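Undergrad: Here's a structure for you.
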Amino acid sequence: MRPRAPACAAAALGLCSLLLLLAPGHACPAGCACTDPHTVDCRDRGLPSVPDPFPLDVRKLLVAGNRIQRIPEDFFIFYGDLVYLDFRNNSLRSLEEGTFSGSAKLVFLDLSYNNLTQLGAGAFRSAGRLVKLSLANNNLVGVHEDAFETLESLQVLELNDNNLRSLSVAALAALPALRSLRLDGNPWLCDCDFAHLFSWIQENASKLPKGLDEIQCSLPMESRRISLRELSEASFSECRFSLSLTDLCIIIFSGVAVSIAAIISSFFLATVVQCLQRCAPNKDAEDEDEDKDD
């Protein structure tokens, strides 16, 4: 039985090592610095991926200035105590569904200066306590109307310096606590689709830290850009009479349906009239025969 002793000792040592690895306060990843028991600083290290492992009780993580392309899907499941995440100036291209699962304590999230192009529905669904979200200086061209659902505590949203030409008002209406919104630095297109957003912006101008002057848009069929300060509701008056594709489809379908109903009704009426006309001569002939018999 003695030969088993080294094996048992090795197993015990491995178990102890694993427990130390998973224990709160575990040593920082190589190349990073722990400035306090709950802060990990991995800024400007040229890292190609999120280093691992961190102390499980880390609350503030700084990974700005690296080459990281994705946030692991299970990242917040292991580091659910994270409150502050600085992910600026990386190579992040997309946010996979479920990326923020387990991020219930996250309050500050900076994803600026990355390569994001789209925000899908529920991109931050589990991050319900977020207070500040920065998406500035990305390549965003589209934001789903449900991208910010459940962010009822969000007060600061930065969407400036992207490639947005339009934005659904529904996406902003989902943010009841919003106090500050950056929209400047985008190539907005002042067409009829922009009319609803323009109305929202006018009603919530106090939430724009740089005001209407810094937000510019291009007029349809024109190359020049103008400040929203120069526009008014009257600028979109023609849009009140314009029809969307859905409206046009409904009108066309209704017209076709009415036409078909009219054709069927006309055919039925013509058939009835023809039957009556055929029956009338027979009735007259019967009346003449009765007169002769008399």
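From the backbone N, Cα and C atoms, a Cβ is placed for every residue, glycine too.
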Undergrad: With reference to Swiss-Prot, which of the candidate residues Cys34, Cys42 participates in the disulphide bond with Cys32?
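TA: Going by Swiss-Prot, Cys32 is disulfide-bonded to Cys42.
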Undergrad: Which one is it, Cys239, Cys249, Cys275, that Swiss-Prot ties to Cys192 with a disulfide?
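TA: Swiss-Prot lists the disulfide between Cys192 and Cys239.
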Undergrad: Among Cys16, Cys28, find the residue that Swiss-Prot gives as the disulfide bond partner of Cys34.
TA: Cys28
Undergrad: Which bits of the chain, at least 6 residues beyond where the repeat 'LRR 2' (81-102) starts or stops, bring a Cβ under 8 A of a Cβ in it?
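TA: Same-chain residues near the repeat 'LRR 2' (81-102) but 6 or more away: 38, 43, 56-71, 73-75, 108-120, 122-127, 134.
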Undergrad: Which whole-number mean pLDDT does the model give the repeat 'LRR 3' (105-126)?
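TA: Residues in the repeat 'LRR 3' (105-126) carry a mean pLDDT of 96 in this prediction.
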Undergrad: Per DSSP, to which secondary structure element type does Cys32 (disulfide bond) belong, with helix, strand and coil as the options?
TA: coil
